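Participant: The structure is given below, and queries will be raised subsequently.
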Amino acid sequence: MAEPVRVCVTGAAGQIGYSLVYMVGSGAVFGPDTPVILHLLDIAPMMNVLNGVCMEISDCALPCVRDVVATDDPAVAFKDIDCAFLVGAMPRKEGMERKDLLAANVKIFKVQGQALDQYAKKSVKVLVVGNPANTNALICAKYAPSIPRENFSAMTRLDQNRAQAQIAAKLGIPVTDVKNVIIWGNHSSTQFPDVRHATATVNGEEIPVYDAIKDDAFLKNEFITLVQKRGGAVIAARKLSSAMSAAKAACDHVKSIFQGTKEGHFVSMGVFSDGSYNTPEGVMYSFPVTIKDKKWSIVQGLPIEDFAREKMDKTAKELCEERDEAIAVCQD
C-alpha cells in the first residue's frame, strides 16, 4: 500500500459532501491501492450531522479509508493535506443566479485561502466546487500566496459530463464513445459547451461529432442552452441543486489531476488564464487541458471560428466583472 493521501472535503455534511466522501473513500479517485485519510470540515451547527456521516463512512467498511478527522476548525481540517475539495458554500436556490451568491461566498473562500496558506502542504491540489466556482478559486488562490497558483482549479467537469451525456444520448451511443467536448469560460449560464473538436465512435469508427449528428442548428442552439441551463433544470425538478452528479464530476476532475489524462484525450477545468485563445489574463477560465505528473497544460492550436469566438468573449467578460466585484468585496 502507498502512503496515505490526506484529503479535505469542506461542507462535508452537505448534499454534495455526502456523495463525495463515499467516492473518495472507495478508491475511485486516487486508486484502489492508495489509502486516504479524510479531513471533513463543516460549520459548528452541522457537527451532529457530520458525526452521522462519519458513522456511515465507518459502516461502509471502505478498505481505502485509514482515518477520518471531523472538525469545524480550518486549522485542523487543512493541516498537512495533499488535496482539498472546497465544496462548502451557500448553495444556489431556485430563481438565483450565481452572481447572487458571489458576495457571500467569496468571503468564505478568502478565509479558506488564508487557512490553506498557513496549514496545508505547499504541494496541495485545490479544487473549488462551491459557486461561483471560477471566481471563488481565484480569490482562494489570491489569499494563499505561498501555494503555486497553478495548484488551484475550478470545476467545469460537471458541464463537460452533461454535454458529453447529451451528445451520447442524441447519437444513441455510450458516453465513453464521446471524447474531447470542451467547456470554455465560466461555470455559469454564459459557459460555452463546444463540440467542434469532439469526436464520437459510431459503428466502430471515430468521426467528428458535427458529422455524426448532422444538425448544426441543434448543436449551435438547443444543445448549448440545454447544457448552460441544466443546473437550473435539476433545481426545478429536485428543489435542490445537483449533488450526486456534482460529486461525481469533482471526483473525475481530481482523478484526472492525480492520475493524468489518457493519450489523445483532454478535459475541461477552470485554470488561470495565460492569455491562450485571446482570453483575458488574471481570471480562472475553463480551457481544454491535458495532465501529466499532476501538472496541467492548456491544449493549444485548436481553430476557433467566429461563432465560438463570440461565445468565448461573452463568458470572459462575465469572469472579468465577477473578478472585479469579488476583489472589491474582499477589500470591504
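Note that Cβ sites are derived from N, Cα and C of the backbone, with glycine treated the same way.
Taken from TrEMBL, the feature active site, proton acceptor covers H187. Here TrEMBL flags G11, A12, A13, G14, Q15, I16, G17, D42, N105, V129, G130, N131 as NAD(+) binding site. According to TrEMBL, the feature substrate binding site maps to R92, R98, N131, R162. Taken from TrEMBL, the feature domain 'Lactate/malate dehydrogenase N-terminal' applies to 5-152. If you look up TrEMBL, you'll see 156-326 marked as domain 'Lactate/malate dehydrogenase C-terminal'.
Can you tell me where each of these features sits in the structure?
Facilitator: The Cβ of N105 (NAD(+) binding site) has A89, M90, G130, N131, P132, N136 as same-chain neighbours under 8 Å, each 6 or more residues away in sequence.
Around R162 (substrate binding site), the same-chain residues at least 6 positions away in sequence with a Cβ under 8 Å from its Cβ are P193, V227, R230, S245.
A mean pLDDT of 94 is what the model gives for the domain 'Lactate/malate dehydrogenase N-terminal' (5-152).
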Participant: Just to confirm: which same-chain residues, 6+ apart in sequence, have a Cβ under 8 Å from the Cβ of G11 (NAD(+) binding site)?
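Facilitator: Long-range Cβ contacts: G17, L41, D42, V87, G88, A89, G130.
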Participant: If one measures from the C-alpha of Q15 (NAD(+) binding site) to the C-alpha of H187 (active site, proton acceptor), what distance in angstrom results, rounded to a whole number?
Facilitator: 19
Participant: Tell me which of the recorded positions G17, G130, N131, H187 sits in the most Cβ-dense spot, judged by other Cβ atoms within 10 Å.
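Facilitator: Of the recorded positions G17, G130, N131, H187, the highest Cβ count within 10 Å belongs to H187.
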Participant: How far is it from A13 (NAD(+) binding site) to H187 (active site, proton acceptor), counting Cα to Cα, in Å?
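Facilitator: Rounded to the nearest whole number, the Cα-Cα distance is 23 Å.
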